[in-house]
Structures are given as C-alpha cells and as structure tokens.
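Comments concern the structure below.
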Amino acid sequence: MLDIKFLRANFEEVKEKLQHRGEDLADFECFEELDTKRRELLVQTEELKSKRNEVSQQISMLKREKKDAEALILEMREVGEKIKGLDNELREVEEDLERLMLSIPNIPHESTPVGETEDDNVVVRTWGEVKEFNFEPKPHWDLATDLGIVDFERAGKVTGSRFVFYKGAGARLERALISFMLDLHTEEHGYEEVLPPYMVNRASMTGTGQLPKFEEDAFLIESEDYFLIPTAEVPVTNMHRDEILSAEQLPIRYAAFSSCFRSEAGSAGRDTRGLIRQHQFNKVELVKFVKPEESYEELEKLTNDAERVLQLLELPYRVMSMCTGDLGFTAAKKYDIEVWLPSYDTYREISSCSNFEAFQARRANIRFRREPNAKPEPVHTLNGSGLAIGRTVAAILENYQQEDGTIIIPEVLRPYMGGKTVIK
C-alpha cells in the first residue's frame with residue numbers, strides 16, 4: 001500500500017509512474033475525490049461533536065439551575081442524528097478509499113527499466129556456458145517419464161491436470177535439492193530456517209498483496225475462509241504483521257521451504273506439460289525485513305544468494321531486470337533469474353527477487369523504531385525464490401541428460417543422493 005500522505009502530495013507524479021506500468025487508471029482518478037470527501041466529513045463530524053459537547057454542558061448548567069432545558073435537549077438529539085448520518089457516510093467513504101488504496105500497485109523504483117512487455121526487460125548478466133549436445137536433447141517430461149521417476153498420468157487420475165507423483169530417484173532428487181538449498185542459505189548466507197503453515201487467513205493474503213486483486217489465482221478453503229499459500233512469502237512475511245521491531249533486530253533473514261498452491265487462472269495452454277507450471281509445487285523462499293536505506297543493497301545480496309544455487313549446480317542462467325510493464329503488483333524493483341532449458345532453446349524463469357520497499361509493510365503494519373522512543377516507521381520487505389524446486393529438477397534433467405537417457409547428478413548434490421552419480 002502506498003503512503004496516503006505521499007500520494008496526496010504527489011498525485012500527478014504517482015499517476016505518471018503508474019502509467020509506465022500500463023495500469024488502467026480509471027479507479028485511481030477517484031482518489032482525490034474520495035480523499036477530499038473523507039477530510040470534509042471528518043471536519044463536519046468534529047464540528048458537530050464539538051457543538052454537541054457545548055450543548056451538553058449548557059443542558060447540565062440549566063438542570064443545575066432548575067431551568068427548562070427541553071429546547072436544548074431536542075437540539076442535541078438533532079445534532080446526534082446528524083453525527084450518526086455523517087459517521088455512516090464517513091464509514092462508506094473510508095471503505096471505498098481503503099479498497100482503492102489496496103488496489104493501487106507499487107511505484108516502480110527509478111532504476112526499473114521503463115517498458116510495456118517482457119520484450120522490454122533488460123539482461124543484467126549471464127553466467128555459465130550453454131551446453132552443445134551432439135544429439136537432440138529431450139524435454140524433461142520425456143526424460144523423467146522414461147526413467148520412471150515421475151508419473152503425470154496417475155497424478156492426473158488421483159487429482160487432475162498439472163499435478164505429479166515423484167518416485168524413486170525423482171523423489172530423492174526433489175528432497176536433495178530442498179536440503180541442499182536450505183543448508184546453503186542457512187549455513188553460508190545467514191538465513192534462519194522457517195517451516196511455515198500452508199494455510200493462511202485473508203489478512204495475511206492482503207498483507208503481502210495477493211488480495212483483493214488476485215483472489216482468483218488462489219485456492220480458497222471456503223468452510224474455514226483459509227487460503228492455501230501461493231508461496232511461503234505470505235506466511236513468513238506475516239509472521240511480523242502488526243509488530244514493531246527494534247533497529248537492532250534488522251536485518252531479519254528467513255529461508256522457508258514450503259509447498260505452494262496456485263490455480264494458474266488464465267494460463268491455459270501455457271506450459272501444460274512437465275514441471276514448469278504446476279498447481280502444487282515445492283519452493284525454498286528467501287524473505288528479508290530491512291531498514292529502508294539498506295533495502296537495495298539487500299536486494300543485490302538476495303539475488304546473489306539465489307544465483308549461488310545455480311552456480312553450484314553448474315546450470316547456465318541469466319539475470320533480467322524487469323521493466324515497469326512486467327514488474328508485478330507489489331514490487332518496486334524485480335530481478336528474474338532465468339535458467340537455460342535446452343528443449344525450449346531459451347531461458348526460463350526459476351526465481352524472482354523483489355524489493356517491495358514499504359508497500360507490504362504498510363498493508364501488514366510491520367514497523368520498526370530506530371531508537372527506543374522514536375516514532376515507528378515501516379520496514380522494507382524483500383523476497384526471492386531460492387529456488388523453485390520443480391523447475392530446478394527440470395533444468396537438471398535437461399542440462400545433465402546423456403544420449404542414452406540417463407542423467408548425471410550434479411556433483412554438489414551427490415552427498416544428498418547417497419553418493420549416486422547417475423540416475424538411470
């Protein structure tokens with residue numbers, strides 16, 4: 001959520017920056033009208049309440065003097081009815097303003113490239129050499145199915161499309177990657193491990209920005225009004241909702257493994273085969289709470305931490321700076337890390353690393369004090385995938401495949417695979 005005082009003072013500047021996002025600003029235009037109306041109602045209400053207090057004192061004085069106060073009592077009742085009407089009107093205006101504020105996306109940082117589509121994203125750096133195969137590389141879903149380490153067909157029978165059973169070496173590879181990533185981030189990168197709940201309430205989904213705008217993308221348990229988490233970012237960020245932290249506690253860095261659940265509404269026809277776009281998938285998420293002046297330095301560190309996973313796995317990748325039109329609702333700046341997938345003959349996203357500045361912190365009321373008696377101010381929050389497990393499995397299968405269909409296990413994973421060197 002944006003700072004309403006900043007928005008009020010810089011309306012045209014914010015409007016211009018949101019236009020760079022390609023946003024429909026029809027609702028945004030209502031802000032000034034609603035904000036003005038709210039402030040007018042507050043003034044009117046306070047004036048009437050002040051008048052009511054004065055009349056109440058006059059009535060008390062007349063009663064003490066045994067004088068007739070009936071006219072003033074009637075006047076006070078009329079004032080009370082007016083206050084009641086204004087309070088109801090104010091409540092409606094504030095609810096409309098709250099809905100509007102929750103629907104306005106974050107302002108892009110000045111370093112975010114201006115553009116309309118993914119074609120305008122900027123390559124920041126590349127790492128690793130793309131392997132040249134002397135045979136036609138297979139897609140990961142064929143490799144995994146032929147090896148018997150996944151079963152899409154039976155998962156479809158048990159649940160539906162875009163689910164998978166991992167089996168044997170496939171299940172162990174998934175588990176190995178989870179352990180490897182958590183060990184790396186906690187032992188070398190300084191994160192604290194968290195195992196979060198997989199269900200959250202509406203306040204949590206609103207705090208991180210999934211609600212109200214993206215409810216159709218989430219799985220709702222209607223009987224409880226809980227949501228299955230689309231990412232561990234939601235429960236982990238909301239761990240500190242409605243809290244005031246001390247400056248000494250910052251930065252806070254969490255690494256959380258979880259399953260993630262997404263309806264992928266509107267993605268029919270895209271990545272319908274394989275592990276790239278599943279309704280349920282595993283991910284290690286990195287979440288940070290930092291001082292505002294440190295957040296962009298922490299974004300670079302966060303991105304480097306996610307990159308380190310791919311470097312140790314020796315998987316070629318590139319880092320993209322996302323343009324304003326491809327930034328996402330909550331981010332002020334975002335990097336996508338894209339891993340090379342031979343069967344696609346291109347790079348595909350495996351991690352997004354974002355700085356939300358104070359956007360989520362305002363929604364979730366997460367603040368800190370610089371000094372013990374200082375006024376609380378919003379923290380800056382960041383998060384990134386470190387990494388998406390299924391997509392990492394896909395990248396390993398495709399980049400480490402041999403002509404006979406076997407898979408060389410990356411050296412760094414072999415201790416987690418019981419010393420095995422090949423999946424066959």
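In case you wondered, yes, glycine gets a Cβ from its N, Cα and C as well.
Take the L-serine site that Swiss-Prot assigns to Thr231, Ala232, Glu233, Ser385: the candidate from Glu174, Glu285, Glu293, Glu338 listed for it is Glu285. Summarising the environment of Arg262 (ATP binding site), the number of other Cβ atoms within 10 Å of its Cβ, over all protein chains shown, is 20. A gap of 16 Å separates the Cα atoms of Ala232 (L-serine binding site) and Ile350 (ATP binding site). Cβ crowding, taken as the number of other Cβ atoms within 10 Å, peaks at Ser385 among the binding-site residues Ser352, Ser385.
Cβ environment of Glu285 (L-serine binding site): Thr231, Ala232, Glu233, Val236, Ala255, Ala256, Phe257, Ser258, Asn383, Gly384, Ser385, Gly386 lie under 8 Å away, each six or more residues apart in the same chain.
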